[in-house]
Amino acid sequence: MFFYGTLCHLPLLELVLAGECYQTRAATLAGHRVRWVKDQPFPTIEADADGNAHGLLVEGLSDTAKARLDFYEGGFDYALKGVAVRPDDGTDAVIAQVYFPTPGLWTPGAPWSLDDWVSQWGAMTLEAAQEVMSYFGEVSAEVIAQRFPMIRTRAASRVRARASKSPTTLRAGFGARDIDIHTSTRPYARFFTIEEQDLSFRRYSGEMSEVVNRAAFIGGDAVIVLPYDPVPDQVMLVEQFRMGPHMRADPHPWTLEPVAGRIDAGETPEDCARREALEETGLTLDRLLALPHHYPSPGSSTEFFYTYVALCDLPDAAAGIGGAEEEAEDIRSHVVPFQRLMDLVDSGEAACGPLVVCALWLSLNRDALRAGS
């Protein structure tokens, strides 16, 4: 088989093939060119009489190895086609199978760079591929394609977590080396996943604990942003139906919240905040003021919130109905005075934790923001 894109990254190829034996050689497919797909983190290949597609020739693949590759690529509208590729070592051309995308499926962009892809997307892709390949033999490639956006969102969350500063000035400083994982299972996997582990952890005495069973809800990182206009001293709240209160049997499972949304893979929290505000409310945000970012429920969930108060113009007419239609969102926005927000918090009508955090932060910083406006 001949690979021209992300599977030329040997750590990814090794992960997908999971210990299968094979040999690799650099090779070239003449009459073709590899380009980034426009606005996407992967390449496409197109016919070009003057072009050369440089890549990796992989030989000696077993049927299992080929099945693993088909599973990894199969849900994304690729078709295998045999073509002649020329090994770069000067030996004779060989016929190799290549994953070609459906014609017209993608819009080509700039010339492809594997090094640039590894720098920007490599770590996240390896994380995502680990989850993808864990489903091999359990679900179809088409199911993986449906789940893939959230698989990447979870992968990006883990990459951000590993890169975070995570200070330990008061904490004991225990880390991954102080946890022994004995078994790990995933009893539920769709939009979210639930993962269960039998593990031991370091006690403050220095000894390891007995083996305990723990489970966690695996989501992704999210942005929380409360729009605030310091001149009229008003904030914007959004109201929408929420499954959490509904499943708890809350009599009114439509909640008042800040603007919020999951951070897409490759997106910064700040970019996500601006995108979500535009999608949910039509607002264009000015300055983003970072609040302490945090785990809202570390005992049971991986979710991590990047939290902001955003300065912006908030006329009364900014209130209305919005949301992304493709996500079946039905979001009502309210523009209310700051004091009304605090009354809602005090009465319990605003019972969303991130909104309470934003309201309390704003109560401490509001005077300075108004003085500087």
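Glycine is treated like the rest: Cβ placed from N, Cα and C.
All TrEMBL annotations are machine predictions without curation.
From a predicted model like this one, the values you see are computed outputs, not experimental measurements.
For the Mg(2+) site, TrEMBL gives Ala260, Glu276, Glu280; the one candidate out of Glu326, Glu327, Glu329 that the record lists there too is Glu329. In sequence order, Ala222, Val223, Ile224, Val225, Val238, Glu276, Pro354 are the residues of the chain that are 6 or more apart from Ala260 (Mg(2+) binding site) and have a CB within less than 8 Å of its CB. Around the Cβ of Glu280 (Mg(2+) binding site), the same chain contributes Val238, Val259, Gly261, Gly322, Gly323, Ala324, Glu329, Ile331, Ser333, each under 8 angstroms and 6 or more positions distant in sequence.
The Mg(2+) site, placed at the center of the C-beta atoms of Ala260, Glu276, Glu280, Glu329, has further neighbours from the same chain whose C-beta lies within 8 angstroms: Val238, Val259, Gly261, Ala277, Glu279, Thr281, Gly323, Ala324, Ile331. DSSP labels the residues of the domain 'Nudix hydrolase' (218-358) in these numbers: 40 helix, 47 strand, 54 coil.
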